[in-house]
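A quick write-up on the structure given underneath.
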Amino acid sequence: MNAAEPVREKKTFHLFDFLYKYGTLITILLLIAVFGTVTENFLNAANIINILRSISIVTIIAIGLTVSLAVGGFDLSVGSVASLANALVISMYVWHGHNFGLGIAVTILFCLVVGLINAFLVINFKIQDMLMTLATMFVFQGVALTYTRGATISQNMIMPNGDFAAGQIPKVFGKLGQVPWIIIIMLLIVVSVHLFLTYTKHGRYMYMIGGNPEAAKLSGIAVSRYRLTAYLISALFAAVGGIVLGARVMNAEVNAGGPYLMDAVAAAFIGYSVLGAGKPNAFGTFAGAVLIGILSNGLIMLSVPYYAMDIVKGSVLALALAITYYRRNH
Amino acid sequence: MTDSKASRLDMKRISIAFPGVKALTEVDFYTVAGRAHALIGANGAGKSTLMKVLAGVYDHYTGEICIDGKEVHIRNPKEAKDNGIQVVYQEVDTALIPNLSVGENIMLDQTVHDMNGRHLIHWKQLHQSAQAVLDKMNVKVSTRKLVQDLTLAEKQMVLIARAVSKQCRFLVLDEPTAPLSHSETEQLFRLIRKLKTDGVGIIFISHRLPELYKICDDITIMRDGQLVVREELAKIDQHKVVEYMLGAKMDGQFPQTETTIGGKCFEAKGIRDKGKVNNVDLYIRKGEIVGLAGLVGAGKTELCRALFGASETSSGDIYLEGRKLRINTPYEAVQNGLALVPEERRREGVFVEESVSVNLTAAILSRFTRLGPWLSTAKEKNASAEIIRNLGIKTPNGQAIVKNLSGGNQQKVAIGKWLLVDADVYIFDEPTKGVDVGAKRDIYDLVAELAGRGKCILYASSEMSEIIGITDRIYVMYDGSIIKELETRNTDEEEILLYSTGGLLT
């Protein structure tokens, strides 16, 4: 306590500090350089757009997750919420024949209720966020499955009564899932959440709550309100992710959002270390998603079989975590 | 001293430097088994560093450590323990494993080092040995209880029990009494006296000067990484000790200010928190510093938290200027002009991973925004620079991370945060705990200045001298109730202590 703990700035070069700060970005550049020289088409404008398009849904979902991480939470239900949103939005068009705007509005509204349920459970029962949302992850996944009766929703599908579904998916909806809109939506979300977390008082409060909830509470910060907001934002972006997913594939597969959860978690955690932030942040999450996207894309171009892909993805995540935690402990 | 094992510990010409800082310069320290040795110095004087050298925490110091004139090699914690040097650090939670039982925690080192190839734990023997140690110390805690269920004082006893369960020639106690109540302190002192007669040399670090005179035989005073004086304690009085610590003569520790006390401003009626606070009524007038005296565990912290809306189970009515306030959360308390400087600084008071500036503006961030919710770094920087200057916070700049500051400076940050808010009522809960004399003085000045500006101040402390020195009026708490109201100028430490310990109850 009374140690002569000197306040000092380290001027010397520390390899791990450097790696911690720039490791992710350097890895991205290295991968680009390697893939760019080894394969012919990697650096094509078309391929770069392809990569951005392929990471957009993961990024959108991961950004929501990042906000829940910022308040010290952990929303594991984002994948399920995306599935639910996917099913809802397609069904609004195909089953109910709603127009473009109404379909999206109803979907987002439902998903916000889901976020509300998450927040209510986590805040009022004081259950660890990860455990609680693990439970709700199953529940919402089940809700989505039950809603679709375990089937894929698509245009002209056969309804239980034997008729064909009459509704059509609006053309403008399909645009959301295509370049350039899908990339624009992603970038808009990344930038606005980055600004929100870094430059507004609300973002500052969220980081404080994540850093020390008790001190935040005693500083007069409305902790519960901000945690609620974080879960709503998380559910909102999961819903947007699910909607964009629906727009891209123009149907709702069974549990289509589920696989995005783990990539989103990976992106958000890789993002911790980007530029030495040391905490969840939107730009880092984007960089994490880019890293994963480049890896997948480049490996496909090198004809690495899809079944071996996860080995590489997992290894990169392990490396990123190793750098982050090595720094933290030393 | 006449013990057959009579041994002497010498640390000769100890120097150690950290990047950019020379922490210890040629320190010669010695102490003798069977005596208690007080090691004193302001924060940053180097006493903890010296003890860490002794405990084998650092291996890059120069100088030598001798026991009975023979040089011993201490460069890691195990070598220190093998030489009979045991340390009980102030932050007890870092040394205990909360989800294991008391017995397992006491016998931790034996379980780790003395298994000699055995792989099964002999539970009965473990608990018996642990119980034997506790019995010897006269501590009544079940060895099967989990450490996470213990009070702070009990945890400390467990740590001391662990230290004396092994060969222990020199025991270093780093601020052991800070979290302890009066009776617990007495109990600790009895234990120390017993250890002394057993021939253990005690090195005792504390910021509470009076208690040193109860228990210690010798004193070493350090300042700025150097040894200032080593003397028999009886030959040196408290004022002298403070002078040596500060390096300058200090007149009256407490600010002498004439404040004009106005009318009743803050009032609380029927404050209850089940099992902790029973039906407390109190009021504070404008510009008045009201002391909340009482021993540790009397319910001061709980009362402070209840007033601030930080307890979910509390009830009662709170009035400010005759207006009834609705306070169910700290958020509402702050909106209504209350401020609380909590006791557990690192856990409740500051954001250790954030910068000084972020900490200082935490409670009133909305003042540092423009165009709606957007933060203005320039405004923040100016305001925090002003607070840093006014409070004399020792930090290179507002961007420094709070965990790198010393305890006293962290506390100033925790207080400084509320100065920006400009609240009407300030509640201080043990604001000088673990803070050195110089910083204490700064904090007293600050409290007096706030009162001078017409604020209502509630000052909770278990240090009687502090209560007497700084307050205008005193409520004494005992067992969750206020049992006596005293005018400070008509009372003294003895009277407060008497009420605090439950004496004179009618």
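Cβ from N, Cα, C; glycine included.
Transmembrane segment is the annotation TrEMBL gives to one range among A:156-175, A:256-275, and that range is A:256-275. Panel annotation: around the transmembrane segment (A:228-250), residues 56-58, 60-61, 63-65, 67-68, 70-71, 73, 75, 77-79, 81-86, 88-90, 104, 107-108, 110-112, 114-116, 118-119, 122-123, 154-155, 169, 173-178, 182, 185, 189, 193, 202, 206, 256-257, 260 of the same chain, lying at least six beyond its termini, place a Cβ under 8 Å from a Cβ of the stretch.
Through the fold, the transmembrane segment (A:130-147) approaches residues 73-77, 79-81, 83-84, 86-88, 91, 114, 117-118, 121-122, 254-255, 258, 261 of its own chain, all at least 6 residues removed from its boundaries and within a Cβ separation under 8 Å. Counting same-chain residues at least six beyond the ends of the transmembrane segment (A:18-39), those with a Cβ under 8 angstroms from any Cβ of the stretch are 270-271, 273-276, 284, 287-288, 290-291, 294-295, 297-298, 301-302, 316, 320, 323-324, 326-327. Counting Cβ pairs under 8 Å to the transmembrane segment (A:179-199), the top-ranked stretch among A:51-71, A:256-275, A:282-300 is A:51-71. Within the chain, the transmembrane segment (A:51-71) has long-range Cβ neighbours (under 8 A, six or more residues past its boundaries) at 78-79, 82, 129, 179, 182-183, 185-186, 189-190, 193, 197, 203, 206-207, 209-210, 226-227, 230-231, 233-238, 240-241, 244-245, 248, 257, 260-261, 263-265, 267-268, 271, 279-282, 285-286, 288-290, 292-294, 296-297.
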